[in-house]
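K.L.:
Okay, here's the structure, questions in a sec.
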Amino acid sequence: MKITEDTVKHVATLSRLEFSDSEIGEFTEQMGNIINMASQLQAVDTEGVEETVQVVDRDTVFREDKPEHWQDREELMENVPEKANGFIKVPVIIEKDDNE
Amino acid sequence: MNYLNETIDSLNKKLASGEITADQLAKDTVANIKDTDKKLNAWITVDEDAKPAENLDFAKNKLAGIPIAIKDNIVTNGMKTTAASHILDNFMPMYDATVISKLKKAQFTLVGKTNMDEFAMGSSTEHSYFGATHNPWNLDKVPGGSSGGSAAAVAGGQVVAALGSDTGGSIRQPAAFNGIFGIKPTYGRVSRWGLIAFGSSLDQIGVMSKRVKDSAEVLNVIAGSDDHDSTMSTREVPDFTKFLGQDVKGLRVAVPKEYMDAVDGKMRELIQKQIDLLKDAGAIINEVSLPHTKYVVPTYYIIASSEASSNLQRYDGIRYGYRAKDTKNLLDVYVKSRSEGFGTEVKRRIMLGSFALSAGSYDKFFRQAAKVRTLICQDFDKIFAENDVILGPTTTEPAFGIGEEVSDPIKMYNNDILTISANLAGIPAASVPAGLVDGMPFGLQIMAKRFDEGNVFKTADFIERSNKFYEKTPTGMED
């Protein structure tokens, strides 16, 4: 499988990351090498083999759905980068033009 | 306070008898860290006003008043927790990880947080926003990673024990590089609540210490079920110290040829010597095969990166963490905050994970890796049906030079070939010092079946008693 600059740009969009042109070039080469290494896995015969996505020996664990009060709003807001009047501040979400 | 010749027992005695007060111990520990860390850079945060808990009960709590280092991806209420990332460099947690609550209940002293590879992604502690950590045996060498700060802090005598985390060898490899003991317990033995997530099906908190017994003491405190982590086992936790000082006669030891073939020369001789020590004491040695060993690196990097790309979606610059300036809209906040906030290695893993999970690649990469993982687990099941422990080298080489491998991700990834299987299979594994190779420490890895930390401790303790590596002092700390 060939990793192209377009593949890298597409994956960057999925990852919510942006790169400079020189970084794109570097990542394309490195990802190509890593994917090339990962392609070795195609050589393994996995016909009829189940997937392992976790190694827990318990089934789905249920608990009572009871509310717990353990944090103050003020405390929670302390890590917020930009805030106003007790709310989290973000740039405009809906551009004016969208409504016109 | 320098801890090179101390153990939790020796400190507990001194504190109980009043030879030293816990207040003084905290002060002396901080003073020594500030002094020696100019060389090591093992810490991200040191609390200069560190205070012991009140009403210390030295008879009930072995750890009472004793400082233990905490890796900076384990959240601590009111103490900055960064995961060594710019994106969290100002993050102040509002709660304690379960392991911290348990340590606090046991009255340990929190003095600060140790350096690591950003988000635990790396095996050299060079990928830290706060600069690289240096190896106490040779300051020009890496301490390994990602728990390199915790390892250097223990090996350099700054603390008696430390918590680390291990997703693919991040406790065992730095333990091996620094000539100390380090154990990754069974997945499900120690709560991950409050551990900043990297690969959730692989991550496990564990302990590092110079002496085997001290890790058993700390694991006794942090292990056990937790309602906040539904992957936790509910089975009873044994007293791990009771596995120490035991006879190894009849212990069934498997030695995979793939692991021994990964090292040669002095390294192979040194590991063989440790195996011979066990043999001479009556252990039964069996040569075995782990046929899928050559596939563990790609399997691991696909699975770990896929889980990481999902876990790291939460860093969006909105509720906490770094937010980029001059953004025009919401998408801009996400993209710019993440692009400016994450380091290169983290971005590489997110990209690899997003790729492996994306349409057109999922079956070929993620699903196939998950199937190969099953085969890797089955390799272990077969061996553990007839053996108690698996032994081999922890790493393929001793600590490498700072800057030597940082630009070659594939080389760096292949370093982990001997440690990552234990994470894929969820089994307990430790590294115990085997000796020195060209002046640098080299580790023996011990693995056992799930929830059988007992045999890991039993074997490690035997090796420690036999080779007495702890009598050696790190060579890089002298002026």
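Even glycines carry a Cβ here, placed using N, Cα and C.
Note that the structure is predicted; figures quoted are calculated from it, not measured.
As annotated in TrEMBL:
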DOMAIN    B:28-456  domain 'Amidase'
ACT_SITE  B:Lys71  active site, charge relay system
ACT_SITE  B:Ser146  active site, charge relay system
ACT_SITE  B:Ser170  active site, acyl-ester intermediate
K.L.:
Rounded to the nearest Å, what's the C-alpha distance separating the residue listed as 'active site, acyl-ester intermediate' and B:Lys71 (active site, charge relay system)? Just drop the number here, would you?
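P.N.:
Answer for this pair: 11 Å between alpha carbons.
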K.L.:
Do you know offhand how many angstrom separate B:Ser146 (active site, charge relay system) and B:Lys71 (active site, charge relay system) by C-alpha?
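P.N.:
Spelling it out, the Cα of B:Ser146 (active site, charge relay system) and the Cα of B:Lys71 (active site, charge relay system) are 9 Å apart.
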K.L.:
Give the sequence-ordered list of residues that share a chain with B:Lys71 (active site, charge relay system), lie 6 or more positions from it, and have CB atoms under 8 Å from its CB.
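P.N.:
The list for B:Lys71 (active site, charge relay system) reads B:Lys113, B:Thr114, B:Met116, B:Ser147, B:Gly149, B:Ser150, B:Ala162, B:Leu163, B:Gly164, B:Ser165, given in order along the sequence.
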K.L.:
By the DSSP assignment reduced to helix, strand and coil, which category contains B:Lys71 (active site, charge relay system)?
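P.N.:
Reduced to three states, the DSSP call for B:Lys71 (active site, charge relay system) is strand.
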K.L.:
So, in DSSP terms, is the residue listed as 'active site, acyl-ester intermediate' helix, strand, or coil?
P.N.:
coil
K.L.:
Measure from the Cβ of B:Ser170 (active site, acyl-ester intermediate) and count the other Cβ atoms within 10 Å, all protein chains considered.
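P.N.:
Around B:Ser170 (active site, acyl-ester intermediate), other Cβ atoms within 10 Å: 36.
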K.L.:
Just how many other Cβ atoms lie inside 10 Å of the Cβ on B:Ser146 (active site, charge relay system)?
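P.N.:
There are 35 of them.
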K.L.:
Restricting attention to the domain 'Amidase' (B:28-456), give the mean pLDDT.
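P.N.:
PLDDT averaged over the stretch: 97.
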